[in-house]
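Feature annotations, courtesy of TrEMBL:
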SIGNAL    1-17  signal peptide
DOMAIN    144-233  domain 'Cadherin'
DOMAIN    238-373  domain 'Cadherin'
REGION    342-371  region 'Disordered'
DOMAIN    419-478  domain 'Cadherin'
DOMAIN    485-591  domain 'Cadherin'
DOMAIN    703-820  domain 'Cadherin'
DOMAIN    821-919  domain 'Cadherin'
DOMAIN    923-1045  domain 'Cadherin'
DOMAIN    1070-1163  domain 'Cadherin'
DOMAIN    1227-1292  domain 'Cadherin'
DOMAIN    1293-1450  domain 'Cadherin'
REGION    1401-1423  region 'Disordered'
COMPBIAS  1402-1423  compositional bias 'Polar residues'
DOMAIN    1451-1552  domain 'Cadherin'
COMPBIAS  1577-1586  compositional bias 'Polar residues'
REGION    1577-1651  region 'Disordered'
COMPBIAS  1595-1612  compositional bias 'Basic residues'
COMPBIAS  1640-1651  compositional bias 'Low complexity'
DOMAIN    1640-1755  domain 'Cadherin'
Amino acid sequence: MFGLLHLLTFLTLSATAKLVTKTTDLLLVLPESAKYGYVLFEVGDRSENDYRKCQKTAVNHSLIIDKYGDLILGKQLEQKPLSNELFCRIDGNQSILNVYYSVISLSSYFGFDSPVYHLYQNEHEPQYSQLDVEYFSTIKCLHSNNDEKTKHEPIVYDLVDHTSRTQLFGITYNSRIDDSIKLINMKTFDYDDIGENRKHILIIRATSSKTKIESYAKLIVHILNQNENSPRLQQEQFLSFVQFNLKDDQQSNSIIGQIKAYDLDENDHFEYQFVTNQTNGNTTGPFSINSQTGEIQIINRNLLDFNVLFYHLYVIIIDESMNKSPIIDVYIYLPRNKQHKQSSSMETTIRESNGKSIHRHRRQQQSQPAPSRLQLRFNESFTGILYHIKYCRKQTNEDYIEKTFTFPQKYEQYLNERLTVDNDGQLIILKRFNYEYFQSVNFQFHCLITERQQMTRVNKSEEIYIQIDDVNDELPKWIMDEPYQFGTYYGYVEKTARPETPVFRFKAQDVDTQSRLTYEIEEILPKSVASQQLFHISQDGTLTTHSNQQLSGTYNITVKAIDVNTNPLYNYNRFIRTYLLVSTDRVDPKFYQQKYVFNVSEYTQPSTIVGSIKAKSYSTTQDNLRYFLQPVISIHSDNYEFKIDETIGTIKILKLLRYSDQHNNNTKHFHGIVKELNGWQLDARVDIEIHIIDINDKTPTFKQTYYTPQISEDYPLNTPIINFTVTDDDARNSQNSNITLDLVDSYGKFSIYYDPISTPNNIQAYLIAKERLDYESLSPLDRQYKLRIIARDNGQPKSLQSEAQIYITVTDVNDEPPIFKDNPIQKTIAENTQKGTTIVFVDVHDTEYNDSVTVQFQTQQNNPFRIITSPGGGRVILDGQLQEEFYNLTILAYDRLNHTSQAQLLITVYDVNDHTPEIENCQQGIITSKVKENATINTPILKINATDKDRGLNGEILFSLKGGGGSGANGENDGSNSGTESDLFAIDSETGLIYNKKRLKHLKSGYSEYTMTVFAQDKDPQNPRSTHCIIKINVEDINDHYPIITSPSRDNDLISIKVEKRINYLNYAVLTIRAKDDDSGKNAQLSFSIKSKPECATSETHFTIDSSSGIISIRPSKLGDIFQTQNKYCLVIQVCDQGDDPKCVERKVNFQLSQDGFEPPVWAPETALTFQRVMKVVELAQQNIVIDTFKASISNDSTKKVIFEMEPVDWKCHNSPITNEAPRIPFLLAPDENGRNIARLVIYQPIDADPPTGCTHFTFKIKAKNSAMEALSVESLYKIEIIDSNDNIPIFNVSSYRAQIYENEVKENILRVQADDKDIDPKNRNTTYFIRCQNNAGGSQSSQVSYYSNNPVSNSLSCQGIVSIDPETGWISVQRQFDFDNPNDRRYVFDVFAKNILPSDRCNSNNKESQQQQQANGADSNPTIQICVTEHRVPVIIEVLDRNDNAPVFQGQPYLTNVSEDAEPGTTIFQLNVSDVDTDDILTFNIVNVQEASAFAVKENTGEVYLASGLDYERVQQHRVIIQVSDSNNEHTNQAELTVIVEDANDNPPRFLNLPATIEIEEGKQVVDYDQLMKQQQQNGNSYSDENYESPLYRRLKRRRRRRATNSRKYNKQNEAKPSLRKPTKPTENTLYDVDRYRATSSSSNSYQRSNEYNSRVIYTVKAEDPDKGRPASVGGIKFTLTSSNQQYTDYFEIHPTNGTIHLKKELDRDPPNGFDEWLLTIIAADEGGLEGSKKNASWLKIMVKDINDNPPIFIDVDPIGHIAENAKKDTRVEG
């Protein structure tokens, strides 16, 4: 157990007991005064039965097994300290547990007051809530308090949670106050979350900080479930209603359906009840519900009303453990065929139990039917199925249905949330409607149904009108217009008021149409007068006195407004209440509000009414009340800003108000005072606050709107680049002036840093770089970061904003390391790559101009490569032998400042297919295997293993199988079908496993062999290599056939046997049993025996049977009485084969013996000797010759006829078809032509001993019999052996051979050919190979090679010294080099022939072909020319592979291209065209000249030349790039020159020359100056226009034109003689070449025409120049534009687009509300006339407006009214 401090165990064994009893002692150490709940044993320590035994045997202790299963103390421990006392005893079957305990004094005890605590907490308790402890108030650690030194010794507690990785609980304690420990939760638990643990086990440890003593306790935390979830439906479709369909055959007292509810809370029990809707009279009908199961039952079917579509019921689900009971709508639909037919009238109405109506306007029978319209009516609380649109439902799952509602726009969202149509056409209401929102609506519904064939089945639109009925679901609201303060209304009544005196009128309103309100008094205080019924309230809400009793003091009355028609289904609260304070004493006037607060916007016009106050007097009329306005703080200005109308209480503005942050006077505080002029003449006051509201009329303003800083790319991070100020003059600390800055930074490198002195409306900020800047990543055209800062306020209803543009120009520093174009660099090379070959060019780019880069390997260890630095990178060259398949090398590149970068070079060495696969165990060219004939389909037979010394795909092998059709009776397997796939066998192409595709059959000949060729080919996709091997598979026979008894053929047939009369019947054969077996070998060898049977017991003693021949003979012991005992016999013959699992059959034979004088034939002596030898017949023996003669006679009487028969009984053949047919028999037993008892054995068909169908041995049964019906015969076996002849030629098993060789290569043993000879004699199978070339054959390479018969002149072992063959092995060698570059030399084809060494027997006249032909033609046919084929041909194809022996060639030189200087780096500018006659050559390109390698680069594999860095027309106009191309082995190179002409581009923005920071202009200054004067001169006859306005620039150009006027003719001639493309002249400072060009450009490129004349005053002239050179004049000059964050700038300023003069259009005003004290203008200069693509520069110009005295003072109050007493003294202020 966990809480034990000490455990002592003793084991006692009884030597005398037969069964050993184990006794264990257990010691419990308990603290003094251990409390109730102290855990002695935890659940699981021992069984509950043990705990109960401990309870019974406990001495002086009360023990309890609590709800957790623990054994705990039932009361506090009262013993003083003691030791080793018996606590209890637990007896088991073979064990005894003695539990002892010791009590330790608290002075020496350090530990918890229980070793185990159970704590609990309800789910959803908030975080840091304390957990409750079972049995204990808190967790406490007990320790000594006597020693003053240790009395306050700190104890350290820590907690370990074993059930969670995260901290779910914590502990709190204060050791200085007490030792109590509290456990708190660190998260809120959810009992219903299945992912949460509901039980947590923790360990708490207490450690003394001084003595380091530790104590532990286990904390078990239980999370308790709270019933906070409402019941829910288990139905899947909707949660608000349930639908059931009543069946046609539904009987009374049957169950219609079941409502199933569930609750996330555990152990919840539900009760189901029907609820009656009394409002619309809905009842439960003939239905009942089971309160426990929710099953709905029909009580009486006869009570059903079939005039309705369905019954609408309400079911309440009551959660017994909480007050949450949802109400569910239940719809029970009646059978449709049981409903009454609707009337045929124009409009049909179906009213239902829930107040729902359906109106259908049917179409009239007219030529043009009216559109269909559907009217639906239901109450606002209805949810569920409203209507069934029958035409809009799916009929099959393949239907596509599209349903569309067209709702009024006003209610579109509202109706979309509530209406839907499902796939069954049911119009469903998802959510309840609100009658108060609308009562009816029209909308369109469209249904489109498309079938699978895209045929439209339904396309219909319908208008639907829904009308909603109200239900009483809203609460009333009070609508009294009476003084209301502090939640109470006020009333007054005289003390002596008579009964029925009105006191107060209560008014309430309910929007429901079905509501009916009534009023009642709920309570009257003081309660002492409640029973006196002093007041009464009527049904209309009038409160009156009700008693003659005199009233006094004040009464607090609570009144309720009750809606008596409230439906409990929709609202359980039926009333609202309010309070009335009735006074019988004088009452001050009461204001209608407790406090008045008004808001007024700044700039509100004087005399505008801000608001009004109102009071009620209980002693006089409203006309006798006067209102006054009194400031709370006496500030004189307040008296002149607002004024109140004394009679009606309206408050007006007297002056224009401005919101001011400076004076903090934006809220005005007043007392509103009301006085009674008569009556009680009392007064009252109320607090009034008037807030001046700022309007968002000020835009956030940047001090400068355009910034163009220039910094270096190594600018320090987090250092200010620019500082900027943004202000907003709207009200401080308001949303109108709360500025938010947004930085538009597409680079992600910058951020805004706010100065700590910033305020929300005055931001001081800095732009800083948060990431390192990069010059090289920027566009080479400008090298700028372009940013925007947007400043916006948060004003309402519209936010105002402005922005500033920042163009940061970055200068370059040498800080960038070289950059590898690719990283990692991947390259694949061949394993036979030659030393010195260039492997790859490593492209390295240094972004710094004119910087040199060095490239080298990081290490040379195990590195067969070296690298040579060259312009633009380095060339990697193979310098050693390749030893590995993969190299991962690190390349370093560093510039002259040792800025270093690195890249990984990954070189994969691919395999070259230079090895041919080798098939294992095929050294002799053949592999044999065997398989049982009962093998199932796909049985593995043989696994072919092959190896290839290549790697990768070249070393992976694919297997294929050709041939294997097997031997057959109808033809020979001569190799003609060797190229076809086998129909019997297959091979797994990956594993080489051969298996059968069909069931195999062993033939009766005893030998079945299948020959096929397996090919092993590697997976080289280009030039695969292959080899082959002959496979022979023998099919072994199994004993799968039972013997068949052929004679006698049936059981119980009586056979009459005639026995000759003789003296000696010893072993006389009376009957022969004949049988056969379709198996072969020993499985077909039969054994005959007589089986003992009771019915044939007498016959068995007379006869015996030969076990091998089946001949039944007479036993010797029965010779005398064989005919005397009986003449009818029966025997049961059993025939069994000799297989391993013998199969037997039985036949009952009935026969009778008779002696009639017949005798069987006997062989002639010479014939008897014939059967003792084996006849040998040559395979090619001639037909129709007699090979043997048989003679027999009967009793030496030649007149008695002997009949001869021959039957094959055994044979040995090489193969047979799968059928059970016997082989072809080439022999015939012919009778004598003269009738003599002689038979001759003749050859009548060709004999074949060779596979696949040939046979080598035959065994025949030769029989001679007499002519009797039951003939007697003599039989003998005759054997023939076939002698093989050399009649087969060697056959190649493949249709062709292929080999590959590289050009310029001589190779021995490149390919081996093999032919198979089917002769069975090894001497006849000896084969020789030779080549028959073109010249030998007399034909060309492409002609068909003919067959020649034994022509030694045409046979050769070599073809013109090109190829040769080994005649014995068939190995072919190549003796001459080929040239792949010669198309006629890429493929060499020749024929290889195979023939026998011995002379062939095919060419004599007795060969099988001639015999077969003669047999086919007949004896009288004409002789034909015979062709004797003694050799077999196979074509051999040698494919020549290319080698790299030619240099690449550039095509289409010279190379010239034009490139614009603004082309981006990486742009392809030229594509090189290079050819190489060598195939599969990988060409590599690189730039040779170093000076161009930094600006240009070439893709090493494709030859695309591209820009490596930006071009600059102003620096270099033409580049000469030398490009070198190398082939794959770097054996051949070539160079070409590319001329790049740089075209000028507009890549520089204009530069300002004279912009000051600030200029000053007085407000109201005359705007017309000398421009106006020039106009006047023009009107007086002087010529002036914009065209001849002589700016300084114009005057210079004009003088230049005068100087050139004298040589204009010469100038024009020179212009005509110049080519069209000439070098542009140096531009002027304004980029205009001459005056004429300037004027033409100005008039054509600008929107300003010459007629646009500026009459306004010029305040400044802006000058700028364009640093670009060489741009054509036609593109235009500089165009100036003007902008500002103040949107009103267009009303005051404009700038001349060409000469840069800034004009003032109208007078400036400095004073508010429309004036500004400064203007911040942004001047933008754009080159090339500001057209698209022009470059722009901007700068800012601040214009300070100088104030002049131009405003007179004004009166604030336009209609002043004041008040002063008539006796006022001098200098008294007039109030008003």
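Glycine is no exception: its Cβ is also placed from the backbone N, Cα and C atoms.
Caution: TrEMBL annotation is automatic and unverified by curators.
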Cβ pairs under 8 Å with the domain 'Cadherin' (923-1045): which stretch of 485-591, 1070-1163, 1451-1552 has the most?
1070-1163
In the domain 'Cadherin' (821-919), how many residues does DSSP assign to helix, to strand and to coil?
0 helix, 54 strand, 45 coil
Is the domain 'Cadherin' (485-591) in contact with the domain 'Cadherin' (1640-1755), using at least 3 Cβ pairs under 8 Å (sequence separation of 6 or more) as the test?
no
Summarise the model's confidence over the domain 'Cadherin' (419-478) as a mean pLDDT value.
88
Which range wins on Cβ pairs under 8 Å with the domain 'Cadherin' (1227-1292): 485-591, 703-820, 821-919, 1070-1163?
1070-1163
Among the recorded stretches 485-591, 703-820, 821-919, 1070-1163, which has the greatest number of Cβ pairs closer than 8 Å to the domain 'Cadherin' (1451-1552)?
821-919
Going by DSSP assignments with H, G and I as helix and E and B as strand, what are the residue counts for the domain 'Cadherin' (1070-1163)?
18 helix, 42 strand, 34 coil
